[in-house]
Structure formats: structure tokens, C-alpha cells
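I have placed the structure first, in the form of C-alpha cells, so that the comments after it can refer back to it.
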Amino acid sequence: MSTKNFRVSDGDWICPDKKCGNVNFARRTSCNRCGREKTTEAKMMKAGGTEIGKTLAEKSRGLFSANDWQCKTCSNVNWARRSECNMCNTPKYAKLEERTGYGGGFNERENVEYIEREESDGEYDEFGRKKKKYRGKAVGPASILKEVEDKESEGEEEDEDEDLSKYKLDEDEDEDDADLSKYNLDASEEEDSNKKKSNRRSRSKSRSSHSRSSSRSSSPSSSRSRSRSRSRSSSSSQSRSRSSSRERSRSRGSKSRSSSRSHRGSSSPRKRSYSSSSSSPERNRKRSRSRSSSSGDRKKRRTRSRSPESQVIGENTKQP
């Protein structure tokens, strides 16, 4: 069969023998070249495109021939001599890939592998972590635990039974039983009593000297305080005398003012009578108004009532 007239259709298979590699029709059960039977290992062929045929070639008016093929993925029409599509590089004849579903494609969940896990009552779980109920507890057979405890107790007893001579524990007792005559304990007591007496005497002397110095230091301070008190008393007496003199002068001034006012009041009718007799009635009115403005409304009334009387008195005085 010539390669030009060879056409691959769906279902054709390739011989599983690597040396042979012959492409057989889908209807054959054994290889046409080597005679090997068809097995599951044989890879199926898949056509990436189909020939357009004579009808479409005639419609193209000489642009395409009947052997040209159309791609199945992008529907581009390619020449017959091309083994791959000119647009998407899809092969004209390709091997059919096995669809296992592990890559996320078609038939993904058909053959699912389940991992069987057995729940055990052991100390650790499937991830190697210690279970909560076994945390903080010694897990193991009772016999093993007893053996461990027995070994620990035996080790402690052996440690206690070891030779203790190297530690020299009796040296303290020997030191307590030693001769204490060389230390003179009575002499130390006498020295302590003498020291206490001398300390008391020195304290009494220091207190007496301190009292004397304090009395001496207090004497100039007391004299200063006395002088200050005297100066304060003298200043207070002077201020009092000044205040009393001021009060006396003020009282005298007030008395003199009152007496002068009384004298003025007594002499006013005479002056008014003389002035009224000598001056005109207009002047008397002006004077009475000026006096009434200074003394108040009551004085105005008095001056008005007295003005005609003063004129009568003046006339009477003129006549002998």
C-alpha cells in the first residue's frame, strides 16, 4: 500500500513490538507485518483531521484538492502534505492517550484509590502524635513499671550503703569536745562589762557638754529676742501715742469747726440786717439764693421767710 493513499481512521492501532511499529486497521486482531496479537498495550491511533473530499474541493474553485484535510481543533484546512496543522500544530495522526483521570481530565473519578486506615488503641495516632488520653501518663505493662520501680529503689539503697568515711562527718563532734580553756570566755565577759560602763560615762559627759553649749547658745538668742520685744513694744507705744495725738487733734478741729459754724449762725441775722438795710433787694435775693444752694432746701425757705422781717428790723433800727 502506498503512503499517499494511506488514510488513518479512528480505532487503528500500532503494533506493541518496538521493532515493528506497524499501523494496523481497527478490524485486525493481529499485526499484519509480524503477526503479533493485539493486546491492551497496543496504542490506538487518532486522526487529528479529516479530508475535505471532492465536493468541497470543487466549491473552492481550485484552491484546495480532495486530499487536503481539515483540523478538528481549529477547523483550519491544511494541504495534504502537511503532517501538522498550520494554525494550532495539532498532528494529523496522533496516538490516543490513556485517560486515567489523575490529571484532572475526563473520567477523573472512575478508578478512585481508597487508603484503608485502621483505628488502633495505641499510644500514637496515624500522624505520629501522642494521643490526649496518654499524655502525662506512663504507658506500659504493669510488670515493666514494677521492674523500673524496683531498680530505682535498689539504686537508692546502694547509694545509702556506700562508705561515708570520705565525708569526715565526725570532725564537727571532735571540734565540740576540744579544750576550750585557751579561749578565756570569762575575760571576754569582763571586758564587755567594762566597755558598757565606759560607754555610759562618755554618753553622760557628752550630754552635759551638749546641754551647756545649748544654754550658751540660747543666752544670746534670748537677749536678742528680748531686745526685739523691747523695740517692738517701744514702736507700738510710739504708734499708739501718735494715733492718740491724731485723734485729739481731730477732735479739737471738729470742735473748733462746730464752734465757728455756731458763731457764723448767730452773726448771720445781724449781717443780713445790715446788708439788707444798706443794699438793694436784688442783692439780698442773690445772696439768699447762693446760701440756699449750699445749705439746701430748708435754708431757702428760711431765707425767704426772714427777708421781709429783716427789712422791717432795719427800718426800726434807723428810727431813734
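From the backbone N, Cα and C atoms, a Cβ is placed for every residue, glycine too.
If you look up Swiss-Prot, you'll see Ser9 (among others) marked as phosphoserine, on the strength of similarity to another entry.
Under the heading N6-acetyllysine, Swiss-Prot lists Lys18 (among others), citing similarity to another entry as support. On its own chain, Lys18 (N6-acetyllysine) has no residue at least 6 apart in sequence with a Cβ closer than 8 Å to its own Cβ.
Cβ-based neighbour count (10 Å, all protein chains) for Lys54 (N6-acetyllysine) stands at 10. The N6-acetyllysine annotation in Swiss-Prot covers Lys54 (among others) and is backed by similarity to another entry.
The secondary structure of Lys92 (N6-acetyllysine), as reduced to three states from DSSP, is coil rather than helix or strand. If you look up Swiss-Prot, you'll see Lys92 (among others) marked as N6-acetyllysine.
Annotation source Swiss-Prot lists region 'Disordered' at 117-320.
The phosphoserine annotation in Swiss-Prot covers Ser120 (among others). DSSP assigns Ser120 (phosphoserine) to coil, not to a helix or a strand. Other Cβ atoms within 10 Å of the Cβ of Ser120 (phosphoserine), summed over all protein chains shown, number 9.
Here Swiss-Prot flags 150-163 as compositional bias 'Acidic residues'.
What Swiss-Prot records for 151-320 is region 'Required for nuclear targeting'.
Within 10 Å of the C-beta of Ser153 (phosphoserine) we count 10 further C-beta atoms, all protein chains included. Taken from Swiss-Prot, the feature phosphoserine covers Ser153 (among others).
Sequence annotations record features per position, and here Swiss-Prot assigns phosphoserine to Ser181 (among others) based on similarity to another entry.
Annotated phosphoserine per Swiss-Prot: Ser188 (among others), in sequence order.
As annotated by Swiss-Prot, phosphoserine applies to Ser193 (among others). The C-beta environment of Ser193 (phosphoserine), restricted to residues of the same chain at least 6 apart in sequence and closer than 8 Å, is empty.
The feature compositional bias 'Low complexity' is assigned by Swiss-Prot to 211-224 (among others).
Positions annotated as compositional bias 'Low complexity' by Swiss-Prot: 232-242 (among others).
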Among the modified residues listed as Lys54, Ser120, Ser153, the Cα nearest the Cα of Lys92 (N6-acetyllysine) belongs to Lys54
What DSSP gives for Lys18 (N6-acetyllysine), in three states, is coil
